[in-house]
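A.B. asks: Take this structure, written in structure tokens, and hold onto it; I'll ask about it next.
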Amino acid sequence: MRELQGIFFLFPITLCLFSQSAYSQLTQNYYANICPNVESIVRAAVTKKFLETPITVGATVRLFFHDCFVQGCDASVMVASSGNNTAEKDHAINLSLAGDGFDTVIRARAAVDAVPQCTNKVSCADILAMATRDVIALSGGPSYAVELGRLDGLRSSATDVNGMLPGPDSSLDQLTNMFAVNGLSMSDMIALSAAHTIGFAHCTTFSNRIGSTVDPTMDPTYASQLQGACPANANPNLAVGLDPVSPRTFDNQYYKNLQQGMGLLKSDQVLFTDTRSRPFVNAWARSEAGFQRAFVAAITKLGRVGVKTGATGNIRQNCAVLS
């Protein structure tokens, strides 16, 4: 989500992409008569990818977030630039999206299309939503029912990305406002932020916190460890785990880390330092079950953002090519 390098912009609340008329058409059994085994097909492909490359988890979850916050959950982030069109994936922010996320969706889509009944019947957007649920479950997080029936978007432009994604130094107000644009509450934002319990961050995204003057909200021992892992003038591709305790397990350790001043990004630690959001952090640090319930509710709402149905979308034969 906010974890990797790039230039980030913030913007005022404008139009909410949370269209009830569109997302109300999503159903858990959407493909029952179209491609009845789609979820098991996707899960098998995702599991194989996960076993090959654990980084698949963070990469896929981040891809889903970056997709949904720009033009809605329509797989527009997967489209390749062509001709005079620079697509979303080539915006400066999205250049840091790990290729393993894209590859997960591509593999799952190929597995689905290999079944004659399912060929070109399942959208890339739905496959990304299912793959996201599956990588979360595979890494120890909750498994949940995914609402399906999204179509793929008909456009993908890098200009649409400007101002749509939060940055690593965002304040609580900035984060809350940006999520509110997409119909998500402060508690939804704090729950979804726990996706930073997995994955990695480039040193450049938090180097300003561990320089000659260490951010006072950061635990000194943790800051010293980070200074060793990310020395000044380090390779810009150098990265460290977002969660120093259990970086490959999707759990509530994220909140426990914040309580100890071990939030890697400023936009993570602010969830504990700001008294308005601290009660959520404390509650979910105490209760894994409570966190999981909140996360499932929040990611379900995220999956409804800007859903394309009817004439507003289609099913791409190739996830990378608009059709």
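Even glycines carry a Cβ here, placed using N, Cα and C.
Here's the feature list from TrEMBL:
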type	residues	note
SIGNAL	1-24	signal peptide
DISULFID	CYS35-CYS118	disulfide bond
SITE	ARG62	site 'Transition state stabilizer'
ACT_SITE	HIS66	active site, proton acceptor
BINDING	ASP67, VAL70, GLY72, ASP74, SER76, GLU88	Ca(2+) 1 binding site
DISULFID	CYS68-CYS73	disulfide bond
DISULFID	CYS124-CYS319	disulfide bond
BINDING	PRO166	substrate binding site
BINDING	THR197, ASP243, ASP251	Ca(2+) 2 binding site
DISULFID	CYS203-CYS230	disulfide bond
A.B. asks: Fewest other CB within 10 angstroms, which one of the binding-site residues ASP67, ASP243, ASP251?
C.D. replies: ASP251
A.B. asks: Among CYS68, CYS118, the disulfide-bonded residues in question, whose Cβ has the most other Cβ atoms within 10 Å in this structure?
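C.D. replies: Most Cβ neighbours within 10 Å: CYS68.
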A.B. asks: Once ASP67, VAL70, GLY72, ASP74, SER76, GLU88 are set aside, which residues in the chain still have Cβ within 8 Å of the Cβ centroid of the Ca(2+) 1 site?
C.D. replies: HIS66, CYS68, PHE69, GLN71, CYS73, ALA75, VAL77, GLY153, SER156, ASP160, GLY306
A.B. asks: For GLU88 (Ca(2+) 1 binding site) and CYS203 (disulfide bond), what Cα-Cα distance in Å is obtained after rounding to a whole number?
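C.D. replies: So the alpha carbons of GLU88 (Ca(2+) 1 binding site) and CYS203 (disulfide bond) sit roughly 24 Å from each other.
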A.B. asks: What whole-number Å value do you get for the CA-CA distance of ASP74 (Ca(2+) 1 binding site) and ARG62 (site 'Transition state stabilizer')?
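C.D. replies: Between the Cα atoms of ASP74 (Ca(2+) 1 binding site) and ARG62 (site 'Transition state stabilizer'), the distance comes to 14 Å.
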A.B. asks: Near CYS73 (disulfide bond), which binding-site residues out of PRO166, THR197, ASP243, ASP251 have their CA within 10 Å?
C.D. replies: none
A.B. asks: 10 Å Cβ neighbour count around CYS35 (disulfide bond)?
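C.D. replies: If we count other Cβ atoms within 10 Å of CYS35 (disulfide bond), we arrive at 20.
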